[in-house]
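Straight from TrEMBL, the features:
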ACT_SITE  D21  active site
ACT_SITE  N69  active site, proton acceptor
BINDING   D21, E208  Mg(2+) binding site
BINDING   22-26, R34, H38, 66-68, W70, R72, R189, 195-197  substrate binding site
Amino acid sequence: MPKDPDNALQAGPRHVAIIMDGNGRWAQARGRPRLFGHHAGARRVREVVEACPRLGIKYLTIFAFSTENWKRTQVEVAGLMSLFRRYIVKETNTLKNNGIRVRFIGDRVRLDAKLTELMDTLERETQDNDLVHLTVALNYGGRDEVARATKRLARDVAEGVLRPEDVDEETLPKYLDTRVLPDPDLVIRTSGEARISNFLLWQSAYSEYEFIDTLWPDFTAAELERLCLNYGSRERRFGAVPA
Ligand code: IPE
Ligand code: IPE
Ligand code: MG
């Protein structure tokens, strides 16, 4: 661990992505329904976002709902969708006044019109902010994103806008939902599961990972700071030999 914490934070991650997992187990441990855990989880987001400027995090991306989460019960899915709507309404002013620019990634087609309207408004209301770029992955799946990107890319080829021989690894990211974002430096997953569950597959090819046991509703800014300091002491090699 580096000795000077301020220096260590300067070497901290610029883009942190979080798989916010464990809400269900947190609720279960308290004998409460899963949605109770989702509400507690949503309340953790504000503290984490607000800690970002101090920790040198410019981009924060959070996984809120995956393309696979539709497999859950209708009650849970409907409860989550209602939570997202309420969360956006409740947090819009705070996000706007605190310099947070919000973006959503994922496929909006399956989301209801009321929710996508709120998402559009929040993006528009915060589009001039630049302190922290918060990206919410909602109905997001890495494979689905690559498939949708490939569809758009294929259309450009068919229309003669793009030549197949010009397609390289710089091309596809321009078609991904994340096209304006840098790749994540650090991906955190809470709740003890060591898998990525279809999150940012292309973008996290060289990310550092932290799999921690904390359940998402118990996650704090202090724990984020610890993980950022830990990141500062790691050596990223990107395939090269150590300097
Ligand atoms: C993460 O918590 C939130 C979503 C996937 C929407 P879970 O609901 O997956 O909680 P566990 O994994 O069942 O504890
Ligand atoms: C990943 O968590 C998705 C989100 C955190 C939104 P899951 O709980 O859905 O992942 P699995 O099912 O354990 O892989
Ligand atoms: Mg889970």
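Cβ atoms here come from the backbone N, Cα and C positions, even for glycine.
Those TrEMBL annotations? Automatic predictions, nothing curated.
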Exercise. Round to a whole number and give the Cα-to-Cα distance in Å for the pair W26 (substrate binding site) and the residue listed as 'active site, proton acceptor'.
Key: 18
Quiz item: Can you tell which of the binding-site residues G22, G24, T67 lies nearest to E208 (Mg(2+) binding site) in space, using Cα positions?
Solution: G22
Quiz prompt | Rounded Cα-Cα span from D21 (active site) to W70 (substrate binding site), Å | solution = 16
Quiz item: Are any of the recorded positions D21, G22, H38, W70, E208 near ligand 2, with a Cβ under 6 Å from it, and if so which?
Solution: D21
Exercise. Could you list, ordered by sequence, which of these recorded positions: D21, H38, T67, have a Cβ under 6 Å from ligand 3?
Key: D21
Quiz item: For D21 (active site) and I196 (substrate binding site), what Cα-Cα distance in Å is obtained after rounding to a whole number?
Solution: 11
